[in-house]
Amino acid sequence: LGQCKFLPRYPFAKPKLQSDLSEFAIGTSWEYECLPGYIKGSFSVTCLQSSKWSDVQQPCQRKSCRSPGELLHGSVLITTGVVFGSTITYSCDKGYRLIGDSSATCIISDNTVTWDRDMPFCESIPCEPPPAISNGDFYSSSREDFFYGMVVTYKCHAGQNGKKLFDLLGEKSIYCTSKDNRVGIWSGPPPQCIPLVKCPIPEVENGIIESGFGRSYSLNDTVIFRCKPGFTMKGSNIVWCQPNSKWDPPLPSCFKGEYSVYFPLECPPLPMIPNGYHTGEMVESFAPGLSVTYSCEPGYLLVGEKTIRCLSSGKWNCCTLNVLVYKFLFVVVGIYVGSFLFRLPATFWAPAWSAYRWKQGPLCLWDDRRLHL
């Protein structure tokens, strides 16, 4: 009794004078100094009548590392400040990937504090060059470098004087995207340039063509039939010219008198797209062969097939539609601000009973094209 045992230990300070003593008389004071990593300072503890050392309330304050600053196209997460011992983490915006370490810790170095790792940077996610296609080529703002959000559009080769030689089958535009925000991939396969499709003249005995008159019929052409008075139609009254040069659904038949009528499967209603509309808004039912065309409001650009068709299976031959919006900033006092291209965020949906799902809604994209003044 009447003595204190061993000098107390602190994670932030050490005794100015080391001692091997195991007991200290009441009233003894001992001075401590702050460890490196803490602001220089000192304090003392005293052996009390209770044979315990006096309490200290964190007299040493941690040093602070310099502010990490802003991460271009990314963000810095600071949860415990920037003092000695704290850790910060880095992340990149969508469409960019982190190059370097994802975190840094404030440590001691040469009697001061500093971050143990350099700040990383965020680079736009690159894509491999888009796939080449036979009898066609792609067009974009660059032929060498392709980054997240860039759109390429395919066209088939033409003959002399622009003579059409091939039909484009599939979506004419694809864009660079990413599933893991690190590796760039293209949004879908490229289209194909196929030999010109020529469907035979659609002839239905005792039938009349109501819509779709023509001397020849090519890919995606649609014909609507009706029967002559006194005849009943069996099959679909709308047919569509397919890539295999055949009509789908098969041509209907017109029979004399009353016969059981075949009702083809109908396609489910189509959703609206932000900043756009389609020609089927006032249509109550969608029979096989019916086509619907999407359009955008002024200032918006449609990426993907604008015309889709209802198949005999009751499904739409789609569906990936993307609406892009051009947002132009202005030149103020002779200084160029910039020009950007965005893809709007949205989620396409379909009723639970429908026979299809929309693959993916529009996304926000940035186009690095610039105006030259």
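Quick reminder: no glycine exception, Cβ is built from N, Cα and C everywhere.
Noted from TrEMBL: C310 is disulfide-bonded to C267, selected from C254, C267, C296, C364. Out of C241, C254, the record in TrEMBL bonds C227 through a disulfide to C254. Looking at C4, C34, C65, the record from TrEMBL puts C47 in a disulfide bond with C4. A gap of 91 Å separates the Cα atoms of C4 (disulfide bond) and C310 (disulfide bond). The disulfide-bonded residues examined here are C4, C254, C267; by Cβ neighbour count within 10 Å, the least packed of them is C254. Sequence-distant neighbours of C47 (disulfide bond) (same chain, six or more apart, CB under 8 Å from its CB) are Q3, C4, F24, A25, I26, G27, T28, S29, W53, S54, listed in sequence order. Mapped onto DSSP helix, strand and coil, the domain 'Sushi' (197-256) counts 0 helix, 27 strand, 33 coil. The Cβ of C227 has fewer other Cβ atoms within 10 Å than any other of the disulfide-bonded residues C227, C310. Counting residues of the domain 'Sushi' (2-62) by DSSP class, helix then strand then coil, yields 0 helix, 25 strand, 36 coil.
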